[in-house]
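Okay, structure first, notes after.
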Amino acid sequence: MSQQTLSPTSERAPGSVAYALALAIWSWTYTPPVLRENAFIRRLLPTQFISCAGSWMQWASISVLVYEMTGSAGNLAVTLLLSILPGGIVSLTLGGRLADRYSVRILLLGSQIALMTQAGILCGLHMTGSLGLVSLYVLQTVSSMIDGISGPAQTKLTVELAGKQQIGDALSINAVCMNIAWIGSSSLAGMIIGLGGITWLFLANAISYFPIIVFLLRLKHAPYPESAEAPALLPESAAPAPQRIRWQGIKYIAHTPAVWLLLLIATVQSLFYMNGGLVQPLIGMSLGGVHGYAMISTSNGIGCLLGAFILLRLKQQKTIRGLLIQIFLMGTLLTAFSLAPVLWLAMALMALGTILAEIIRTSTNVLIQSNIPLGLQGRVSGIKQGISQVCIVISNISTGFVLVPAFGAHYAAAGSNAMGLGGVAICGMIFHHLHRAGKLETVVFKEVRFE
């Protein structure tokens, strides 16, 4: 089934420190062109924001619930593993292929309805007292697998609706919305749990999928309006057969040095710098107890939000060379954070490091999406998402079960970050070789032909 252009049938949030608030106000005085000119993105982003906030709240409640049920950090680790790894495997092997072969609207509609159903089942089981650890594990695994299908489709939908001239703005404003949802969801989850219990939080997450489901139901197959440039999608007759779909994403990556180098950079970031959910609580607790952990988490959230705002406002051209410099600086800052002797210094280094981390993450996505033909968007996005999630699992397992027991949280985090700097150096040498050989020319939105 071919991808067709989609169109609707009809036609901003803050920091806990003064600098974050000032930057937010400054950023909102500038309205990105994608919001002024593209009604599709204006409608899509609020629905993604609401469903993302609901998902983050549910994850926070599941963490609380598992710990209440078992009192075991090991069971929390298993829950984290089941929330990430199945989705990574599905995205890597199936999600991208489905996004390129079938309508992303139908895929997303089905996945959002399935996720809403999963949240409703959680709510019903908890309300009746029937929710056990095994059933919770099963539901988390199912949710992760659904995410593995919806992730590549959602990326492709954003690219389709934004058009080739507005990808950067669309992904940047999406990052702003997702970080605001992330920062606010923990506090909101705590309020809901305090007022009505975890059952109501599961119900709130189920309800949060209604806006995006309504948005997708109101989309129809139609040309873009004149104000938005429609990407050239494959006609139905050109849709690849399933056996051809299987390896085309991998072949394209292998024969496009800019793309596989960007994927290598993203892999280094995921493998060595995405274990913060494990080491940050340990470092924060060692520096200031529960208060220290809360302050480190706040610095992390503010840094991510500021990074998204900065990337949205500053319009410098994104390059692989700049990306390598940024990730090297990020690794240096996070290594220093790991060894910081006092809380205030750790907070400052964490905020600076996560500013760069968010800029790197979004810039990498923009550069990758700008080098992929539309007929391969789903597969390459699925490969990237799958590799990243598998690397995050490997990073947390190796850090939690090997590095932290052997060296302690501070030196474990510093060692992981230092190894990441080594990976960045290798990427830099590869970049230098490819650049000298003239193999990194960027071709934006190349047409793809299936033979």
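Even glycines carry a Cβ here, placed using N, Cα and C.
Feature annotation from TrEMBL assigns transmembrane segment to 16-35, 47-67, 73-94, 106-127, 188-217, 252-272, 292-312, 319-337, 410-431.
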Key: seg_contact(the transmembrane segment (188-217), the transmembrane segment (73-94)) with at least 3 CB pairs under 8 angstroms, min sep 6   = no
Inquiry  = Under 8 Å between C-beta atoms and at least six residues away from its ends: which parts of the chain pack against the transmembrane segment (410-431)?
reply    = 261, 264-265, 268-269, 271-273, 275, 279, 283, 286, 320-321, 324, 327-328, 331-332, 334-335, 337-339, 395, 399, 403-404, 440
Message = Pairs of Cβ atoms less than 8 Å apart decide it: which stretch in 47-67, 106-127, 252-272, 292-312 has the most with the transmembrane segment (319-337)?
response = 252-272
Task = Give me the stretch from 47-67, 73-94, 252-272, 292-312 with the greatest number of Cβ pairs under 8 Å to the transmembrane segment (106-127).
result = 47-67
